[in-house]
Amino acid sequence: MAPVGGPGAKKGILERLDSGEVVVGDGSFLITLEKRGYVKAGLWTPEAIVDHPDAVRQLHMEFLRAGSNVMQTFTFSASEDNMGSKWEDVNAAACDLAREVAGKGDALVAGGISQTSVYRHHKDEARVKKLFQLQLEVFIRKNVDFLIAEYFEHAEEAVWAVEVLKESGKPVAVTMCIGPDGDMCGVKPGECAVKLVKAGAAIVGVNCRFGPSTSLKTMKLMKEGLQAAGLQAHLIVQSLGFHTPDCGKGGVVDLPEYPFGLEPRVATRWDIQKYAREAYNLGVRYIGGCCGFEPYHIRAIAEELAPERGFLPPASEKHGSWGSGLNMHTKPWIRARARREYWENLLPASGRPFCPSLSQPDA
């Protein structure tokens, strides 16, 4: 199967999903750009889109080449309450840059909003919705293709986000940063999904906070909740690129390694191929990643689901399927690794003999 890529006729997000097409999302921006020296940990705000646009452009391009169908605007925490007077310039620049890169391939632009600090402190519906509305006005002016409300700990605030975004007439996706125990108020995943679909979301699921296996457990619960309620929606999963089986309800942020010591938990490309296949078998058709999810992880999704998509991404030109490129190695024991069975069954060591395999969450 030959790699393909480049501009072509673009179908909308719902047209793609309604036809059963696999949509590959993008991956990590804040964590990755922090490691590259362009984002400061703490508030995790995206000033880099204005201060260092080439760095953001490069990362968008890497995800596009790896197989992403969606260029999500780099607007996480870019609401007025987090960014003050910078918020509008950041949102506008993020839309322009995402559109520029999306135009180089068969990718759509998604305008993204996230949970607010106002909700956490005041739960003032009018103030929260006003913040969402301000960002939405920029997204409408820039004519993004669809909208994503992501990283919501509370179903109530996620519902408010959907209620605002659906007024645009554009398709709305929404993802919550929850695990199988549900949101921070005890609303179970299935109930969260029902509330979001009833509010007007066409695509629902989870992102961030939890690793691939835990995220898929939550997706199963969301799907079951929708089925029990007689509701239909497309499903989206964008997990961490880290393994987090020891997380509590708050997810990765409660682990003592967060955010500067997570590298030993990074998923391999083969872990992500398994994640992509399991997500697909669960009925999820919008599959991507969040923090820690690097371009090679996105390529792993695209390669695993290449039979369903009908093509490989451009980045596969430099990657042999299941290590097949190792057939060219001079050492026979390395050539012996050029097979799927080897990599599927490998139990990778951490190289840290005095470190535990699991941690105790701080909260």
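Glycine is treated like the rest: Cβ placed from N, Cα and C.
Automatic, uncurated: that is what TrEMBL annotation is.
Because the structure is a prediction, the values reported are computed rather than measured.
Per TrEMBL, the features are:
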BINDING   C208, C290, C291  Zn(2+) binding site
Would you pick out, from the binding-site residues C290, C291, the residue whose Cβ has the largest number of other Cβ atoms within 10 Å?
-> C290
With a radius of 8 angstroms around the mean position of the C-beta atoms of C208, C290, C291, what other residues of the same chain does the Zn(2+) site pick up?
-> S28, I31, Y151, C177, N207, R209, Q238, S239, L240, G241, G289, G292, F293
